[in-house]
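What follows is one structure encoded as structure tokens, with my remarks underneath.
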Amino acid sequence: MMAANARAYLLLRFMCELLGDCLWEDVYEAELAGLQSNIAAKAMGIRFSLSGLSDLMPDLWKTIMSRLADLTKLAKKERFEVFRESMKRVFSNHRLNPDEFAQDLRRGSMLTTHVTSWEALKVLDEITFEELIEIIPLFVSKSYLEILCIGNLTSAEAIDLFDTTLSTLSFAPLDPNMMQAKQTCLELPHNVMWRIKSQIPPTKDERNAVHVYFQGVRDTDTKPARVNEGSNLALEVLETVLFEPYYNELRTCEQLAYALHVSYHYSSGVCGFSFNIVSTRDLAFLEGRIEAFVSETMNIVKGMSEEQWQQNIGALIERKEEADYTLKDRVDRLMRSISDRTYNFDLAVRQAKELRQTTREELIAGASSLFDARRMIIVWIEKSENASSADSSDGDGTNPAVVEGGDGEAKMEVEVEKVSDEKGEGSEKSGKKGILPAKATVWNGVIKKTYQCTHERGSFCKVWKECEGVKMPDLFEEGPVDKYKKAV
């Protein structure tokens, strides 16, 4: 069952917490017998993990499934409230880290099933114990099962685990299309930039964060991309090449930031690359330094000696071909492919083979296509200067947005900028109906009362629906038009 919004995700998380609470005695005994277990809510459902050397693992699995089947009877309302308060602390603390919060907002603006800490906090108090009890049977009936068994298990024992689950839980027949559901990534048009600005509650730590993300091409088994087109492998090589120069120039030489890093991303089949800085310096200045470094990226790659190039490629090939150190490493690698529905279990081996044939010219072409497309998401996170304002949005201290005026209403600013069209002219000069002006600000005027992050995504979709070539995921909600304002 896919958690397509914050409410669905939180319901899954409450299920996991209450199920674990019902199992604590059994889990304690299992740990004494050398068994470890974990239950976690994910965007695509619930993941159960069991490991250990004991032959009692099948018995523990049967116990977990039995408790899940009876969870509506076993769950306690007082424990539900305890877990609600615990989640509030977890989500609030997550927002206090500017770098993590910036990446959280970026993923939330792109992925249909990613739930940000901000989203979760806004709906956490609305969920009731009675609602959870009603949803548990629906979750089971609308779910399907994938089990990965590795280690000291026979095929018969693995199949028995599967059959036990089917017999214990009441699975209803599913539409085949439901079993093909995947996370969807919003793909930006060329020469378009989003700038997301948000404030977080003030602390003694005065650091700000800038996250500059360049979206690349789609690279999947059905639509593979080549290195010279900016494939996922090309961006992984680029990360290896740029990691040291980026750190050396901005951190070692300029002492610009407390923490900074470059990263390649693979989001539901879409490639991307980001530059991140955490610093007390001005946000516009930090973004400008990133832009300056990006402009020198091609020169950095071209200026590498052949020996340096081969060292970088060789190190990456070695990592790809490296055997899993532990059984847990192998399980994690395989489960990533299962979770994203790609099932590319031999991906690392195939990439190592491709790397041996990759030339520097292909990497330069791939990086150029990524940066020249200017499909960007820029996130600015800064500390609020007014502690009382930052925590007054709903009276619960959970809204990290900018608070304006004396009425406590808040807004999250989203600057939408169309850099230029294909002819190099600004969008305000294009004369085409439906194209945005060069800069616009979009916000929810009643964010205090109705804020859901999906509504903000809806405002994104409403705006980008007016841009040519945008692909809007079906799962994105689109809020009422009259609730949004556009100011040029």
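Backbone N, Cα and C atoms are what each Cβ position is placed from, and that goes for glycine too.
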Of 387-410, 411-434, the range TrEMBL labels region 'Disordered': 387-410
Overall pLDDT of the domain 'Peptidase M16 middle/third' (4-121), taken as the mean: 89
Structural state census, the domain 'Peptidase M16 middle/third' (4-121) (DSSP three-state): 80 helix, 17 strand, 21 coil
